[in-house]
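**Student:** Below, the features straight out of TrEMBL:
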- CYS53, CYS67, CYS70, CYS76: [4Fe-4S] cluster 1 binding site (BINDING)
- GLY106, LYS107, GLY108, GLY109, VAL110, GLY111, LYS112, SER113: ATP binding site (BINDING)
- CYS279, CYS282: [4Fe-4S] cluster 2 binding site (BINDING)
Amino acid sequence: MAPSLDEPAPIDMDAPLKAAPKLVAPEPGIHSPPTRILSVLEPPNRHDISEHCPGPESQLAGKGDACAGCPNQSICASAPKGPDPDLPLITARLSSITHKVLVLSGKGGVGKSTFTTMLAYAFAANPGSQVGIMDTDICGPSIPKMMGVEAETIHISSSGWSPVWVTDNLSVMSVQFMLPHRDDAVIWRGAKKNGLIKQFLKDVEWGDLDFLLVDTPPGTSDEHLSVNSFLKESGVDGALLITTPQEVSLLDVRKEIDFCRKAGIRILGLVENMSGFVCPNCKNESQIFAPSTGGAKQLAADTHIPFLGAVPLDPRIGMACDYGESFFDAYPDSPACGALRNVVRRLAEGIGLNPDEVISQNIDEEMTSGKQL
């Protein structure tokens with residue numbers, strides 16, 4: 001057909017879209033039982049903060065001489081002062097948790113969440129241990145997928161929110177359980193993310209746990225500051241840092257080490273993940289990410305922090321995570337599983353526990369003692 005010679009109708013480029021794209025996930029309280037999802041004051045614009053600003057929690061906030069002319073003066077003057085009133089509630093709620101460990105990494109993509117799940121399964125291999133994972137990666141919650149509970153939802157009772165149970169002694173809490181659809185994006189500012197983390201600590205009925213592993217997003221930002229401030233009163237055993245061998249990853253881990261020291265967080269140790277590649281056929285190991293500057297072991301020596309071990313890259317780890325299965329249970333005789341077992345034992349020593357009471361040194365001892373892996 002010949003093209004039409006009529007002039008095309010003019011297009012109004014400023015006209016609104018016929019339907020707004022659904023990019024922002026609704027607040028979880030709208031679509032799930034928890035209804036007290038936060039209403040938090042947005043923080044002042046940092047670009048407008050005076051050099052001599054007393055800080056929004058100070059009794060002089062909005063009233064001091066340095067506040068004159070600040071566009072945030074009225075906000076700071078009316079904001080609550082002093083310590084967070086919810087801290088005693090958080091401390092009371094977490095009093096039944098014996099050990100709390102933060103899992104940090106300065107760089108994304110180093111396998112931090114993957115390592116958190118394997119660490120949880122390793123602790124839970126002892127049927128006498130109760131283990132929980134708190135996923136504080138609000139914008140990229142991958143823990144539920146890796147644990148095989150992505151389709152679960154949160155239940156609420158008179159005692160609080162109930163975490164999702166993976167096994168009889170392993171539970172998980174994540175924002176993923178609160179989204180109406182699995183692919184909905186969570187596009188929140190820091191204040192909302194911080195408020196949800198507070199609710200994970202204040203409103204979740206964790207029960208009696210031996211270990212609570214807190215999986216954090218990459219970096220040294222809002223979520224990390226919130227977790228540290230909320231857990232300060234109840235006590236944190238320390239942070240486990242995850243990296244890969246190459247300098248690009250170590251560069252950001254150095255910043256994470258600096259963050260921990262400035263925030264007063266004890267560093268339990270450094271783990272080098274994806275340290276070499278294990279062939280699934282011949283079981284030989286080769287270097288994929290070459291440690292051009294000495295890797296995590298050299299960094300640990302330079303910064304005087306414990307080096308807990310190196311875990312090789314095994315393609316079956318990725319498959320296990322995709323299918324929501326435990327690599328630790330499925331391949332207990334793999335080199336990666338053996339390396340992870342050694343990391344768990346050293347971590348147990350770092351928090352003052354007897355490694356033999358936390359996890360056996362090898363699979364033969366586990367089977368001999370009657371523990372099911």
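Including glycine, each Cβ sits where the backbone N, Cα and C put it.
Curation plays no part in TrEMBL annotations; they are all automatic predictions.
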**Student:** Just checking, which of GLY106, GLY108, GLY109, GLY111 (binding-site residues) has the fewest C-beta atoms within 10 Å of its C-beta?
**Tutor:** GLY109
**Student:** About how far apart, in whole Å, are the alpha carbons (Cα) of CYS282 ([4Fe-4S] cluster 2 binding site) and GLY111 (ATP binding site)?
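**Tutor:** Roughly 24 Å, rounded to the nearest whole number.
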**Student:** To the nearest whole angstrom, what is the C-alpha distance linking LYS107 (ATP binding site) and CYS70 ([4Fe-4S] cluster 1 binding site)?
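**Tutor:** Rounded to the nearest whole number, the Cα-Cα distance is 36 Å.
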**Student:** Quick one, of the binding-site residues CYS53, CYS70, VAL110, CYS279, CYS282, which Cβ has the fewest other Cβ within 10 Å?
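**Tutor:** Across CYS53, CYS70, VAL110, CYS279, CYS282, these binding-site residues, the one with fewest Cβ atoms within 10 Å is CYS282.
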**Student:** Would you pick out, from the binding-site residues LYS107, LYS112, the residue whose Cβ has the largest number of other Cβ atoms within 10 Å?
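**Tutor:** Result for the most crowded candidate: LYS112.
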**Student:** Spatially, which candidate from the binding-site residues GLY106, VAL110, LYS112 is nearest to CYS67 ([4Fe-4S] cluster 1 binding site), comparing Cα atoms?
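**Tutor:** Checked the binding-site residues GLY106, VAL110, LYS112; minimum Cα distance to CYS67 ([4Fe-4S] cluster 1 binding site) goes to GLY106.
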**Student:** Between the binding-site residues CYS67, CYS76, whose Cβ has more other Cβ atoms within 10 Å than any of the rest?
**Tutor:** CYS76
**Student:** So which binding-site residues out of CYS53, CYS70, CYS76, CYS279 end up within 10 angstroms of LYS112 (ATP binding site), measuring C-alpha to C-alpha?
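**Tutor:** Checking Cα-Cα distances against LYS112 (ATP binding site), none of the binding-site residues falls within 10 Å.
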**Student:** Work through the binding-site residues one by one (GLY106, GLY108, GLY109, GLY111) and name whichever has its CA nearest to the CA of CYS53 ([4Fe-4S] cluster 1 binding site).
**Tutor:** GLY106
**Student:** Going by C-alpha distance, which of the binding-site residues CYS70, CYS76, CYS279 is nearest to GLY111 (ATP binding site)?
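**Tutor:** For GLY111 (ATP binding site), the spatially nearest of the binding-site residues is CYS279.
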**Student:** Just give me the nearest neighbour of VAL110 (ATP binding site) among the binding-site residues CYS70, CYS76, CYS279, Cα to Cα.
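**Tutor:** Going through CYS70, CYS76, CYS279 one by one, the Cα closest to that of VAL110 (ATP binding site) is CYS279.
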**Student:** Once near-sequence residues are set aside, which residues in the chain of SER113 (ATP binding site), 6 or more away, have Cβ atoms under 8 Å from its Cβ?
**Tutor:** ASP135, ASP137, SER142, ILE143, MET146, ASP215
**Student:** Provide, as an integer number of angstrom, the distance between the C-alpha atoms of CYS279 ([4Fe-4S] cluster 2 binding site) and GLY109 (ATP binding site).
**Tutor:** 21
**Student:** Enumerate the residues of the same chain, GLY106, LYS107, GLY108, GLY109, VAL110, GLY111, LYS112, SER113 excluded, that satisfy the criterion Cβ within 8 A of the mean position of the Cβ atoms of the recorded ATP site; list them in sequence order.
**Tutor:** SER105, PRO218, ILE242, THR243, THR244, SER249
